[in-house]
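K.L.:
So that we are looking at the same thing, I have put the structure below in structure tokens.
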Amino acid sequence: MQTSPSSTAPCADKALDDLLKEVDRRRNFAIISHPDAGKTTLTEKLLLYGGAIQEAGAVKARRSQRSATSDWMAMEQQRGISITSTVLQFDYRGKILNLLDTPGHQDFSEDTYRTLAAADNAVMLIDAAKGLETQTRKLFEVCRLRHLPIFTFINKLDRPSLTPLELMDEIEQELGMNTYAVNYPIGTGDRFRGVYNRLTKTIHLFERTGTHGSKKAADQTMALDDPALESLLGSDVYAEFQDELELIEEAGAEFDLAAVHGGEMTPVFFGSAMNNFGVELFLQAFLQYAAKPEAHDSNRGTIEPTYEEFSGFVFKLQANMDPKHRDRIAFLRVCSGKFEKDMVVKHPRTGKTVRLSRPQKLFAQERESVDIAYAGDVIGLNNPGAFTIGDTVHTGEKIIYPPIPSFSPELFAYLRSTDPSQYKNFKKGVSELQEEGAVQILQSLDESKRDPILAAVGQLQFEVVQYRLQEEYGVETRLEPLGFSLARWVVEGWDALEKAGRLFNTVVVKDRWDAPVLLFKNQWNLEQVAGDCLDLKLSAIAIPPSL
């Protein structure tokens, strides 16, 4: 692999020094979790401790004063779930953190997949009562593909739960990575009193304030050998804590930051996001151990974040974030150099130059103009059809970053307009929603069937498409479900396609790039086809064509 082209374009000393300092300040991460693990609550509490909000939005939302900070779409507010992604930037102790807030509902994981393409770190949030769940496992596999450092926050320790040792063992056995409990809990459920920081050798006892977590939690810090500790905890809790601590100190792995950054070890933190227990300690440790903005592979080799020429890629599109203006925003991850307002960049996919004249920082529904940004930052670009997901923009010599893959959907249905006179609006709406990545669109190989096939990872995704077509394009639609549950893209073995389509109740369709896709009724059908058509190589991931 080539080295970074930075040596061919030397910076002035001060400019390079400033660039190095700004990149060093950035930390970028996404939270992955199963629904109801507490992602929105943890997000808000991180913002609370980061000083971005003064009171936790979830608490105020329950009082019907406003919605949670990170939710904005009308349907989200009606349903009480996160459907879209946004970016939340805040300063903490001299660092700039970019939290790539992602949908928490299981029906919107593909948007999360794309967001993980822009993340340098992942925070895996686990419900202490439930352990690892389906959605978390799926998202973990995407993190593993990208070798992302994963920090684990085990939530809801103030409720009945599995034991800390059971939870860590499950992570090790099912995900195949070592764990290191940085903050080990003292008691669980109604006996949850605090945590012991194994790296700083300090005890942190939490005080219940009665504010339901809307304000920062107070804690009492003391040494592990403080003679007052046993009386404060009670003899039973103290003895149980000492026994478990002795066990993990003797049998557990040593903390290895290189293994963390390689995705081979996950630092584990315990707490209660609702009551703010352990949140600030987690944030402090994350700041210390998280990976800085990473280098990215490109057509020219590895591009370091400190390369002087600006570059970045679009990982998300979102229309109508402000319904009054029917706008369209492209979310761009800065990969190298310094972004400046009004700069002119090259757009390799179209061969054109584009002036980035109205860049925005996106804090949920709020926006403010951005004058400069650096690697690890995410900015919003007004996008009148100029960009699509995976686009690269850059200054200097041509840079193209790898395209963002699509993942296998699990639900399929024909989408039909109920009013033929609205077909033009219907077609426009479907096209724009596809460009956003709101849903995958497949087409039948039968030219007489012009209606698109929606391919989604959950039923609610269909509902969102229908809702937005009606609200934003004035088109009413109906769905005709198809009885398939798996999709696989054909990598090799084209000659076997006809046979696979004729046998085993399997259908061949095409994606937006006209690549063949096989739809299967179930896993059993997939295994039958794979066993019978040995020359047929299939993939659960689709890589868009390169430029």
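Counting begins at 1 with the first residue displayed.
From the backbone N, Cα and C atoms, a Cβ is placed for every residue, glycine too.
As the structure is a computational prediction, the values presented were derived from the model and not from experiment.
So Swiss-Prot lists these for the protein:
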{"type": "DOMAIN", "residues": "24-294", "note": "domain 'tr-type G'"}
{"type": "BINDING", "residues": "33-40, 101-105, 155-158", "note": "GTP binding site"}
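Help me picture where these features are in the structure shown.
P.N.:
Following the DSSP three-state reduction, the secondary structure of Leu157 (GTP binding site) is coil. Note: Leu157 (GTP binding site) has non-local neighbours Ala128, Pro185, Thr188, Gly189, Phe192, Phe270, Gly271, Ser272, Phe277, Gly278, i.e. same-chain residues 6+ apart with C-beta under 8 A of its own C-beta.
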K.L.:
Over all shown protein chains, what is the count of other CB atoms within 10 A of the CB belonging to Lys39 (GTP binding site)?
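P.N.:
Around the Cβ of Lys39 (GTP binding site), 25 other Cβ atoms lie within 10 Å.
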K.L.:
Look up Lys39 (GTP binding site) in the DSSP assignment and report helix, strand or coil.
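P.N.:
Its secondary structure by DSSP: helix.
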